[in-house]
Each structure stands twice: as C-alpha cells, then as structure tokens.
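Have a look at the structure below, then the notes.
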Amino acid sequence: MGRSPLLFLLLIYLSLATITKSQSTNTQNITSINIGALYTYNSVIGRAAKLAIEMALEDVNSDPTILPGIKLNLVSQDTKCSGFLATVEALQVLEKNVVAIIGPQSSGGSHILSHVANSLQVPLLSFSATDPTLSSLEFPYFLRATQSDQFQMRAIADIVEFFQWREVTAIYVDDDYGRNGIAALGDELALRRAKISYKAGFGQAADLTEITDLLIRVNLLESRVFVLHVNPDSGLNVFSVAQKLHMTESGYVWIVTDWLAAVLDSKGYGLGYGYESVGANPKVFNLIQGSIVLRWHTPDSDLRLKFVSRWRNKTGNTDSKSGLNAYSLYAYDSVWIVAHAIDQYLKTKGNSVDFSIDPKLHDVNGSTLHLAMLKIFNGGKGLLQDLLSTNFTGVTGQVQFGPSRDLIQPAYDIINVVSTGPRLIGYWSNYSGLSVVSPEILYQKPQNLSGQTRKLYDVVWPGGTAQQPRGWVFPNNGQPLRIGVPNKVSFRQFVSSGSDSESNNNASGFCIDVFNAAIKLLPYPVPCSFVLIGNGTSNPIYDDIINMVAQNKLDAAVGDIAIVKNRTKIVDFTQPYTGAGLVILAPVKHQSSSAWAFLKPFTLPMWCVIGAFFLLVGIVVWILEHRTNEEFRGPPREQLATIFWFSFSTMFFAHRQNTVSVLGRFVLIVWLFVVLIITSSYTASLTSILTIQQLTTGITGLDSLIASHDPIGYQVGKFTKNYLIEELNIPESRLVPLNTIEEYAYALMRGPQGGGVAAIVDEKPYVDLFLLTYCDNYRIVGQEFTREGWGFAFQRDSPLAVDLSTAILTLSENGELQRIHDQHLTSNECSAEDTGIGANRLSLSSFWGLFLISGIVCFLALIIYFIMICIQFKKHYKNDSDTREDQATHPENRLQCGKQQPRQLASFSSFKELIEMWNTKEEDIRKKRQNSGEMSRKYSGNGSLTSQHSMD
C-alpha cells in the first residue's frame with residue numbers, strides 16, 4: 001500500500017498535534033463499546049479477515065465471561081488498497097468514538113495511521129502489517145497480532161545458510177512492507193556471512209511488461225537464489241513471467257515469503273488446517289513447482305479445528321472459495337485480544353469510558369474537515385497496557401506479547417511445492433531454528449542453537465530435480481570470464497604467451513595447465529578468455545593485476561601469483577596449488593682438500609680440551625678403580641700406560657679394562673655419552689668439509705643477509721621488494737631489480753665488488769628453476785623464511801574461488817597436480833638446502849655444556865670417593881690404637897711395647913698411613929682388619945685371667 005499525498009497527511013498530522021485535553025465528555029456507565037476495523041474487503045487478506053472478524057465478534061458477544069452486559073460493536077471500513085482512502089476511512093471510524101482499531105491491513109497505512117493513533121491515544125492492532133520497523137518506539141500505540149517480518153527474514157537467512165549459499169537476489173514490491181522486510185533480510189544474512197547481491201523492486205501498480213523487464217535484468221546476474229517478497233494479490237504474476245523466461249527450471253531457487261502460502265490456502269491448494277485440500281491445480285503448481293514457501297505456524301488444537309469447522313459450515317464447505325488462510329486465524333484472535341483488554345480495562349476503570357475534545361480544532365485555518373469530531377481517548381494508555389498484558393490461548397496458539405511488543409514464540413512451517421502439491425519439509429522457530437521436529441515439542445526441551453538439530457527433509461527443486469542447485473551461474477551477458485595472465489619475460493615455464501590448442505587460448509605454462517585442469521573438474525562449463533597483462537619486455541607489476549581484479553577490470557587473475565596478506569584484503573584466492581616461500585640464493589665455490597683436512601672439524605681450543613678431558617677421565621677412573629680392580633694395579637710404569645690406554649681407547653669404545661666400582665662406572669657412562677656426541681659431530685663435519693662448497697659472500701642465512709650492507713637482487717614485479725622493505729626493514733638502496741635468469745647469474749657472478757649482488761631473494765619455484773641451469777656455482781642458503789603459496793585470484797565473494805579450491809584439492813589427491821609439475825619442471829637435486837654450504841669448524845662454544853657435565857661428575861665422584869677413604873682410614877687407625885693399648889697393659893708385652901713409637905710420632909705419620917692404605921688393595925685391608933679383631937679379643941681374655949689371679 002502506498003502512502004497518501006504529503007499535503008493531506010501534513011494537514012492531518014499538524015491538526016491532530018494541536019489537540020489537547022480541554023474538557024471531558026460526560027462519563028457514564030456504558031452498555032456498548034465501539035471498535036474499528038480497517039482492511040481491504042476485496043483482497044486475499046481482506047476476504048480471509050472479514051468472516052473471521054465477524055465470527056470473533058459473534059463469539060465475544062455470546063460469551064458471558066467476557067464483557068458481561070456490554071455489547072462489542074464493530075465499525076468497519078474498506079480501505080480499497082489505497083493509502084489515501086485508508087486515511088480518510090480511518091478518520092471516519094475515529095469519529096465513532098472507537099477505543100481501538102483492528103488494522104490497518106497494509107504496512108504503509110499503518111505507518112500513516114500510527115501518527116494519528118499517537119495523537120488520539122487509540123491503539124491500533126493489526127493482524128497483517130508485518131513491516132519490522134513498525135515495532136519501533138516511534139509508534140507506541142501500534143501493536144500487531146501476527147508475526148513481524150523480522151522473524152520471517154531470520155528464517156529465510158537460516159535456510160540460505162543451511163544450503164550454504166552466499167548470495168541471494170531479492171525481488172520485492174517497493175513499498176514499506178517490501179523495502180523494510182528486505183532490509184531486515186540483508187541484516188540477517190550479514191550475520192551469517194552472506195548478502196543480498198541485488199535488490200529488484202517494482203511498484204504496486206507494475207504491469208506484466210515492467211515485471212518482465214525487471215526479471216530479464218535479474219536473470220543476467222550471477223545469483224540464482226531468488227527471495228520473492230510481494231503482496232498476495234499480485235505475487236503469482238511474477239511466477240507467470242518467470243516461467244515464460246525459463247526462470248523456473250533446473251538451476252534456479254525460489255524462496256517465497258508467507259504470501260504464497262496464504263494464496264494457496266485461500267484457494268484450497270494448501271496443506272489445510274485440519275481438513276483435506278481440494279487437490280493440485282496443474283496450472284498453478286507448474287508456476288511454483290520446486291519453490292520453498294514459508295507459512296505462519298499455528299499448532300494443532302481443538303480450538304483451531306472447531307474454528308475451521310464453523311468456517312466451512314458458513315462458506316458451504318466450498319474450500320476453493322472459502323478464503324481461509326493464516327490471516328483468518330490471526331484476525332479472529334485479534335478481536336479476542338481487544339475484547340480481553342477492554343474487559344480488563346473496564347474492571348479497572350469502573351465500567352466507564354471517556355473521551356476529550358479540543359475546541360481549537362473548530363477554526364484550524366477555516367478547515368471543513370470536521371476535525372472537531374475527533375476525540376482523544378483518555379483511557380488509551382491504560383487500554384494499551386491491558387493489550388500488552390493479554391495472555392490467553394487462541395486459535396493461533398498462545399497469545400501473549402513479549403518485551404519487544406511482538407507475539408511470543410514466532411514459528412514458521414517450511415513448505416516445498418512439488419508437482420502433486422505442497423508438502424511440509426520442516427519448521428523454523430526463533431527458539432530452535434530449523435528442525436523437522438515441531439516447535440511445540442522443542443519448547444519442552446532445553447534450547448539448542450548449536451546447529452546439530454538444524455535440518456530439513458529433502459527438497460524437490462525447480463525442474464523436478466533432487467540435486468541441490470549451487471545457487472549461482474556466470475553472468476549471462478554473452479561475455480566469457482576475463483582472466484588476467486602476467487606476460488612475463490622470465491621464467492616462462494610457469495606462465496608464457498603463446499598458442500595452446502587444447503584450451504584454445506593465448507597463454508600456456510605450468511600455472512595455466514593447472515587452471516585448465518581444475519576448470520575441467522567443475523560440474524559446469526566456464527567460458528573464459530585469457531588477457532595478457534604486460535608488454536613482454538619486462539615483468540608486469542603483480543599488485544597492479546590484483547587491483548584490476550578488485551576494480552572489476554578483470555574477473556580473475558591466473559599465474560604465479562603469491563597469496564600475501566595485503567592482496568587477500570581486496571580479492572579472494574583459491575587453495576594454493578604450490579608452495580612458494582622466499583629463499584636466499586647465493587654463489588658458492590668449491591674448496592680444495594688438504595692433507596690436514598682431518599684436523600679442520602674442530603678448532604684448536606676444542607682439540608686441547610678434548611685431549612685434556614681424555615687424560616682427566618683416565619686419571620679419575622684409575623683413582624676410583626686402583627684399590628678394587630686388579631687391572632688398574634701393578635708397577636708405576638704399567639699403571640701410567642694403563643691410564644693413557646684406557647683414556648684414548650674410549651674414543652673408539654675399545655677399552656679392554658672393566659670397571660668394578662659404582663663411581664667408576666658412573667663416570668665412564670657419562671664420558672662415553674660425551675665421546676659419542678663428539679665423534680658423531682666430528683664425522684659429520686669432516687664429511688661436510690671434504691665435499692664442501694664455500695660461500696663466496698659470507699651470507700649464510702636471513703640474519704647475515706639483513707646484517708650485511710651488500711646489494712640484494714629481487715625479481716621485478718613480485719611482492720619480494722615490498723616484503724624486504726616493509727617486513728625486514730632493508731633499505732631500498734640495497735635492492736637491485738632483475739628480470740631474467742641470465743641477469744640473475746650475471747649479477748651473482750660479478751658480486752658486490754663488481755657491481756652485482758651478494759645474494760638474490762626470490763620465491764623457491766623460481767630459484768629451483770634457476771638451479772636447473774646453474775647448479776654448480778649457486779646454492780640456496782639458510783631455510784625458507786616465508787610460507788606463501790601460489791593461487792588464483794577472483795573478485796570478492798566469487799563462488800568460483802570456492803569451487804576451484806575443491807578442484808585443486810582433487811588434482812592434488814589424484815596425482816594430476818604432480819604430473820603437471822613434472823611435465824613442466826624437471827626435478828633438481830641440487831636445489832634443496834645444501835648439506836655443508838657455509839659449514840664452520842666446530843668450536844668449544846658448541847660443546848662446553850657436555851664438558852661441564854662430565855667435569856662435575858668427575859669432581860663429585862672424587863669427593864665421594866675420598867670421603868669414603870677417610871671414613872675407612874679412621875676406623876682402621878682406631879683399631880690399631882686399641883691394639884697398642886691392650887698390649888701396653890700386659891707385663892709380658894711391655895718389652896714389645898717399648899719397641900713401639902711414641903703416640904706423638906704416630907700422629908705425624910697418619911697421612912703417610914692414609915696413602916699407604918689407599919695404595920693397599922681393598923682385600924688386604926679387610927684381612928688386616930680381621931686379624932686386628934682377633935688380637936683384641938686375645939688380649940682381652942688374658943687381661944681377665946690376670947685379674948682373677950690377683951683376687952685369689
């Protein structure tokens with residue numbers, strides 16, 4: 001519905017805005033109350049609402065529990081699908097002192113009359129105005145007894161997400177109802193990373209020619225998912241034109257809002273409300289076959305079945321002309337909402353209703369509009385609150401308003417129209433999303449929006465196919481895709497201009513063959529034409545090619561294009577089809593060997609420390625094993641030879657002496673581990689030295705490259721230059737642009753002193769190709785320090801990027817990608833990171849940790865050993881002292897004791913005795929200790945006998 005002329009609206013609005021509460025009409029007990037109704041009688045919605053409102057009014061007036069003793073009168077006017085007439089008819093209704101109005105039918109009329117309702121404080125309750133913006137705070141006196149399109153568009157967005165479409169085309173009637181509904185759809189799709197690619201609106205009075213022109217433009221676009229949001233009275237005209245344009249065939253998707261379900265139900269073609277439909281109409285269902293349709297969900301109940309039965313009786317059981325649809329149910333409940341609210345209001349206000357008039361309306365610019373007849377309903381705010389507090393069970397289910405002033409528990413049936421008629425494939429509710437389980441069952445369970453229960457039954461799509469349409473095609477403008485290809489002067493094995501009879505284009509190479517192979521795997525044809533970018537004498541700037549794609553000058557870019565951060569911000573890339581990280585290429589020279597090459601693996605300090613530790617460990621083990629191990633005893637010369645032999649034989653794990661002490665074995669185990677590491681490192685280093693190619697520039701990796709001040713080469717047009725400047729902070733003055741393989745070799749050969757470069761930074765595929773020709777004198781140094789890959793660039797949100805990514809993965813899995821690689825690029829053995837390039841001699845700094853551990857173990861072993869020796873010596877010395885004392889107490893031993901040394905002289909010989917005890921075998925010490933014990937017991941016995949004789 002369109003809005004009325006601005007002049008007329010402005011006059012009414014300004015007039016009503018001046019109304020103030022001046023004086024009240026007489027307040028008295030009432031026996032009847034007037035309510036209004038505004039809708040278009042001769043429309044799908046109006047025909048459904050008219051009988052429902054009459055039935056509801058009859059039921060209310062016959063129910064003694066509602067408004068007892070008060071008759072509810074209906075003042076109804078036909079708006080005739082006109083915003084202007086809706087305003088005029090509304091003023092006539094308001095003159096009858098109505099306390100509420102059921103309607104208006106259209107969203108446009110609701111916008112206009114809401115301003116009037118705000119001024120006169122008369123609530124509006126619409127059963128069909130679904131514009132989401134009507135819920136705003138601007139219209140406090142507007143309520144709807146149906147669901148807002150905000151929820152319907154949320155359901156459609158969930159359907160789009162469920163089938164993984166990313167773009168839709170919206171076809172709608174260009175009024176408040178259509179525009180604001182589609183705006184809500186755009187917001188909901190954005191939350192799901194989808195969008196409306198094109199909005200196609202047409203006027204309410206559009207004829208078939210205008211609709212045809214509109215659909216022709218839509219059909220030229222990429223998206224094949226259409227959301228149709230129009231009025232019930234003209235919606236089938238869109239399908240009629242679409243069928244003539246072959247837009248209802250296979251490959252198309254039509255998602256239709258609730259208007260189509262209302263049309264089908266009104267004609268008796270729908271699912272029905274507890275009764276069988278009259279069957280399929282081939283003419284109608286051929287138009288809409290395969291469509292997905294939404295319908296307001298109303299739960300099965302006895303109230304609804306009773307209502308439907310009465311409806312059929314009143315219409316003579318002619319379902320095809322009865323006009324019963326969801327609007328009938330909501331219109332019926334609207335009357336009951338008003339009745340319940342008025343009943344509660346009268347109980348609160350003492351069974352009275354009063355209005356106010358404004359004398360100023362008599363002389364508003366000499367107006368003859370009879371504005372004085374318009375009165376303010378003084379109880380409007382109270383009645384509004386009673387409306388919002390309504391809570392009862394109606395034919396549509398639970399009738400209750402939520403905090404957002406919308407009915408609670410919004411839900412929709414998801415219907416798929418097939419050749420035999422509509423069929424239910426699922427439900428949507430704001431509580432649980434998409435599901436094949438009815439909302440009433442899910443309301444009794446915990447809320448679950450994780451997506452695990454979101455599913456629908458199988459859909460039959462337009463054309464009668466069960467295969468889901470991909471939702472897009474190439475724009476039908478008669479032009480193939482414009483594929484930009486870099487016209488390079490170097491590395492033409494990857495991309496080059498030329499004739500390719502197989503693909504019938506002017507480009508060839510590894511990248512082109514990968515693209516063509518991936519295109520062949522797509523389940524649909526892709527017409528494309530390669531456009532060479534560049535003059536062929538120098539490499540083009542790749543960032544410029546990407547910008548051309550982003551600016552719609554090209555549809556895609558194919559070639560050796562690296563996927564880097566700044567490019568992904570403006571275009572979409574496919575899955576990488578090859579790795580292309582940055583590496584460093586540097587010149588090398590062969591180093592001649594010498595007779596003393598075996599000494600080069602270690603530095604001089606390293607050799608000295610190794611020799612010292614060999615001797616140290618030999619001495620420590622000899623000390624620890626000397627007392628207990630016969631193999632470590634003998635004449636001094638033999639023991640010295642044992643130390644040297646044992647020490648150096650451990651280098652080859654060929655020592656023949658066995659260790660028997662715990663400490664000796666522990667020291668030896670640690671030292672053998674150190675020897676293992678040293679010998680392994682020596683072998684690897686010596687092997688490298690004997691086969692080494694020495695770097696001529698001293699650059700061994702990324703760190704040395706950054707630290708040096710030598711020139712660095714890079715390939716013209718690639719992202720390498722920006723990376724070196726922006727990421728590695730290398731001055732641009734150090735960078736030297738190079739184009740061809742020959743320029744690479746010449747610049748490296750001349751070196752920094754000769755005006756060349758010290759190294760070249762480039763992507764690994766180029767370096768590998770370079771080394772195929774110059775394998776002997778150049779090598780990759782260091783590691784690959786970035787992890788980019790090459791991919792094909794497309795415009796943002798292009799679905800072709802996703803499909804080609806899947807195709808590239810298929811090529812990789814079936815080996816075709818490797819076959820294409822081998823066809824264009826021969827394997828290069830010397831391109832890998834070289835073993836021994838720039839190898840350095842091993843120094844003490846690499847092994848001091850091992851030597852430190854070994855030294856600490858030796859020191860701790862010696863400390864523990866000497867502590868044990870001292871304890872043992874103390875016990876031995878004490879036993880000797882006790883023996884001497886025992887001997888001194890016996891007369892027969894005094895002569896022998898006199899021959900012994902004084903105790904003071906014995907203390908000075910303790911250290912000598914300690915050394916002698918250490919040099920004595922452990923076995924001899926043990927025997928001596930036993931003999932000392934026996935002598936002590938003997939002397940103790942003799943002493944006891946002597947004492948006995950003295951006592952006698």
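Glycine too: its Cβ is placed from the backbone N, Cα and C atoms.
Just so you know, TrEMBL annotations are computer predictions that nobody has curated.
The annotation signal peptide is assigned in TrEMBL to 1-22.
The domain 'Ionotropic glutamate receptor C-terminal' annotation in TrEMBL covers 482-827.
The transmembrane segment feature in TrEMBL is assigned to 604-624 (among others).
The transmembrane segment annotation in TrEMBL covers 662-684 (among others).
Look at TrEMBL and you will find CYS775-CYS830 tagged as disulfide bond. The number of other CB atoms found within 10 A of the CB of CYS775 (disulfide bond), across every protein chain shown, is 13.
Annotation source TrEMBL lists transmembrane segment at 847-871 (among others). Counting residues 6+ beyond its ends, the transmembrane segment (847-871) has Cβ neighbours under 8 Å at 606, 609, 613, 616-617, 620, 623-624, 663-664, 666-667, 670-671, 673-674, 677-678, 681, 914, 917-918 in the same chain.
According to TrEMBL, the feature region 'Disordered' maps to 923-952.
Annotation comment: TrEMBL describes 939-952 as compositional bias 'Polar residues'.
Confidence across the domain 'Ionotropic glutamate receptor C-terminal' (482-827), taken as the mean pLDDT and rounded to a whole number, stands at 84. Within the chain carrying the transmembrane segment (662-684), a Cβ under 8 angstroms from the stretch's Cβ atoms is held by residues 601-602, 610, 613, 617, 620-621, 624-625, 629, 650-651, 653, 842, 846-847, 850-851, 853-854, 857-858, 861, 864-865, all 6 or more beyond its ends.
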